[in-house]
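See below for the structure under consideration.
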Amino acid sequence: MTLWINGDWITGQGERRRKTNPVSAEILWQGNDANAAQVAEACQAARAAFPRWARQPFTARQAIVEKFAVLLEAHKADLTEVIARETGKPRWEAATEVTAMINKIAISIKAYHARTGEQKSELVDGAATLRHRPHGVLAVFGPYNFPGHLPNGHIVPALLAGNTLIFKPSELTPWTGETVIKLWERAGLPAGVLNLVQGGRETGQALSSLDDLDGLLFTGSASTGYQLHRQLSGQPEKILALEMGGNNPLIIEDVTNMDAAVHLTLQSAFITAGQRCTCARRLLVKQGAQGDAFLARLVDVAGRLQPGRWDDDPQPFIGGLISAQAAQHVMEAWRQREALGGRTLLAPRKVKEGTSLLTPGIIELTGVTDVPDEEVFGPLLNVWRYAHFDEAIRLANNTRFGLSCGLVSTDRAQFEQLLLEARAGIVNWNKPLTGAASTAPFGGVGASGNHRPSAWYAADYCAWPMASLESPELTLPATLSPGLDFSRREAV
């Protein structure tokens, strides 16, 4: 029984599905997708649970969410193993994901009060009050790269605001989704407040097409995000928050500490086997001897990175991609760029055929035309050389995406220029592109989102504002508007 609907674990009636470890092919999870009728049932359960959940005092909702945080801490080791085995990422990285999930609770509570709490301004004859109300029933679509942390970033603030939810994990990480929901169950969520439907494209389409949804919160690829945007077009009454990918540039302008710059680049491009939406995809390196030396050192160190199993000891820097098919897609993208005229600096290599273990690849594309403006979700770094900083910014902005951008430089003035001219929601200076803070908004422009940033700003799309002018008693104004006469006339 792999679906959780209205507080009950039930068996899906859709397509049979199984999840294997992307390196060892060990079977980890088996179950059936939710069919359209079960998706509708989950929505009905969420709708029925909404009025009571929304009327709960915030402190009551907060108590359940904080109990979930306690359970995450108590089961951190177990959840770390589940995430590592299912995604293929090393244990150390899976552990940091669970830690981020735990930390998200307190941050979301603070964000609720800061962004969407109640504010009152005293007036001469009463008060002006700002309150926030939950939307109602929201669908949450989770990704596979952070199957615990990223859905958590939607679910926690949405529940705190008083919404009820239907959660569909990625079909590539059903085990993590189920494991997390079981902790929510133990936290004491009332029946129907949070529902789990497993499945792939058909389940997702059934969920996103429900008329009774009040909104949809999505993290995933740009192609799916655009599809959802088209599907919900003409429905302005529904909130749609899209957190999509990027074709992110990292500018290497001035290197005073060669190894520090190489380390920052490795963290930006290859952490999580290149499967972070903020990963550097395009490396822009200044022409000249210093840039040549930097690239040589980068290729040297990156060439020593050996991806390993999730349970290898010593632990590797990177693990496997989410699937062997994902690794094959990266290889095909590299070959395509070679065919366009790219010069391979470091060839990606499958560690073992049929698995998702893939070494990093670096290819120079200076002067190459018709390079696809796409997010290749894996350890493939494209290099361009530039002559001057204005050209670097032009190259950085030469994308339909706009998620993250970074600069390695000793010149603060160059960073200030980048802040003014970059088209990206995250712009870092001498910090990895993959470094983000939950105390700041997270999102991008262009094809990277629809101006609904998450993290600290997630509270904004989980509630709508209600403004009130209030007075405990009704009185006639001392000064009336022109033309109004309230004088009492003698009866004739």
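Cβ coordinates are placed from backbone N, Cα and C, and glycine is handled just like the others.
Taken from Swiss-Prot as is:
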BINDING   Gly220, Ser221, Ala222, Ser223, Thr224, Gly225  NAD(+) binding site
ACT_SITE  Glu243  active site
ACT_SITE  Cys277  active site
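Overlay of Swiss-Prot annotations on the structure.
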{"residue": "Gly220", "record": "NAD(+) binding site", "CB count, 10 Å": "21"}
{"residue": "Ser221", "record": "NAD(+) binding site", "CB count, 10 Å": "16"}
{"residue": "Ala222", "record": "NAD(+) binding site", "CB count, 10 Å": "22"}
{"residue": "Ser223", "record": "NAD(+) binding site", "CB count, 10 Å": "12"}
{"residue": "Thr224", "record": "NAD(+) binding site", "CB count, 10 Å": "19"}
{"residue": "Gly225", "record": "NAD(+) binding site", "CB count, 10 Å": "22"}
{"residue": "Glu243", "record": "active site", "CB count, 10 Å": "27"}
{"residue": "Cys277", "record": "active site", "CB count, 10 Å": "28"}
DSSP state at Cys277 (active site), helix/strand/coil: coil
For Glu243 (active site): DSSP state (helix, strand, coil): strand
Residues close to NAD(+) site centre defined by Gly220, Ser221, Ala222, Ser223, Thr224, Gly225, Cβ within 8 Å: Phe218, Tyr226, Gln227, Leu228, Met244, Gly245
Length of the line joining the Cα atoms of Glu243 (active site) and Ala222 (NAD(+) binding site), in Å: 8
Length of the line joining the Cα atoms of Gly220 (NAD(+) binding site) and Cys277 (active site), in Å: 9
